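Student: Encoded as structure tokens, here's the structure I'll be asking about.
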């Protein structure tokens, strides 16, 4: 159970990290920085929830709802802060580089930071659960659903992917000052979080969340510049004629040693 | 302490090199007893980022390395070029440190979570004489503060002793001390560790096998660390001894004392490295004056080192490359004082001795590494290990501390690139780590537990 759920939850994330992030040091740093920002948001949200529980003197579902909503909003706020920092970093890298172009584009940073938010969010959601799944115990012995682990794993996987897509869309929307995009990201995050409140009615939560993931994925793909045409081109492995490009670069003065 | 490697007279040299590297001297980390002071002694040393002129590996594309570090620094124009090249390689250096620090922490956390021995309370070190078993909170706090004072004073005394030894050139004594301490680490602590791991997994092993295994492990370790050996093997050994030392600390330091000690030692590190009269700073300066390499076995280095045997190219011809080359030696062997270096040949690998100058520069980039003192490894791992041991079985706290330490390391390396002088590696990481530990344990844990019990996701 442990290995299966871990693989379900973190399989896509691990594959994405290994294939795209691990090779480049700058992306790894962005990954860790994104994780840090998410942790800050979690800290703030927990503080809020904790204070509200202490003040009201009891713990109930309404406070939890409020706490979750606050957490979502704070996460998006921290995503914005991450965007600002990465934008500044991008500009700095561009100025410092030789040919005026930063070694990592803002889109790549958007993807990596979204991925990092997703990974750390997933890790924090499910690690304790996974640790418990390895130990002795019976699931749902008090009448809860026996599918707790596997649904948690699927939800985590969806969440990781969603965060990645949200990252891409969010950064793009911020870059182009497109408030609609921002609103949609925040709205869909709130929707996702809200849907999980319907657990353990899994049909109502897992289904919509996966549909949402798919839609957000397609939207993010479109935002990042992809299109049906691109996919076809990629699949057919056609080479573009690069004659003009070569000529241009041949005219450039080679960089000084 | 993270320092740069420096040539003594390079201070004045203008933009060409990475001369700002100071010879990172890290006082040797003697035996585990002195490990304490040794630890701060051996704080991080970063290799200087090279700014080999030839390395214009632009931001492009290929292969992806060399991309500057995350946050750029806008500096004044004359320095900007140096900055630029420095930051270009910053990202790679950061990763070269992330990996070993992560590995060390993984080893420590894995051991803590599986082997009961290291979480059982079984007495205390003599450096922390006051017990924490008192009924009242105030008394416990007082005892932990007193423990910290004792520990830090021991560290200060040992460091000052070391500086004096170094100043009066008692090299043999220092070497003997170092060898003795690594002997103890490699043999005794490994034996205890292996014994406990075998007990945990209920694996039977006879004494002759044990003897052979430990003998081989220890002997190869001694050779790798103090003499020559493949770089990765040496790195692995250094990570292992840091992990072992951290485990010892985790076991024998009482809880509250451990946290107060972590805080105090980062303050001490800050002062010892930055204050003009700080022992570590004096050590660095003395070593710089004498143009001597640092003591072996206390620094983790991520790149290969050139042996003394390499022909010394004529200095006139290669302004920058000389610097880079010196940097490559990482202070262990200084070109200027080959005889000295010979006696302290550390984990030097022997690279191909004859390389043309230009390719040397280019190679330097890839091979130039960063250095971090083992004391930093140890204290990072102590923090994360303590978080794993005492956070009520919670993994979130451990992970949060892990991220905090990595971010602290990243920021420290960034500051290193900006200030280009010896910097302590502990304060930022330990501060972040402590903040995240306490806040995650007390605030985040109940929140996440409540959410998880209802299967809610945020």
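If you go along the chain as it appears here, the first residue is 1 and each next one adds 1.
Cβ coordinates are placed from backbone N, Cα and C, and glycine is handled just like the others.
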Student: Which of these ranges is annotated transmembrane segment in TrEMBL: A:82-102, A:208-228?
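Tutor: Going through A:82-102, A:208-228 one by one, TrEMBL gives transmembrane segment for A:208-228.
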Student: For the transmembrane segment (A:182-202) and the transmembrane segment (A:6-23), decide whether they are in contact, meaning at least 3 CB pairs lie under 8 A, counting pairs 6 or more apart in sequence.
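Tutor: In this chain the transmembrane segment (A:182-202) does not contact the transmembrane segment (A:6-23) - fewer than 3 Cβ pairs sit under 8 Å.
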Student: Please identify the stretch among A:6-23, A:28-49, A:61-78, A:109-127, A:147-170 with the greatest number of Cβ pairs below 8 Å relative to the transmembrane segment (A:208-228).
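Tutor: The listed stretch sharing the most Cβ pairs with the transmembrane segment (A:208-228) is A:147-170.
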Student: Relative to the transmembrane segment (A:6-23), which of A:61-78, A:109-127, A:147-170 accounts for the most Cβ pairs at distances under 8 Å?
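Tutor: Top-ranked stretch among A:61-78, A:109-127, A:147-170: A:147-170.
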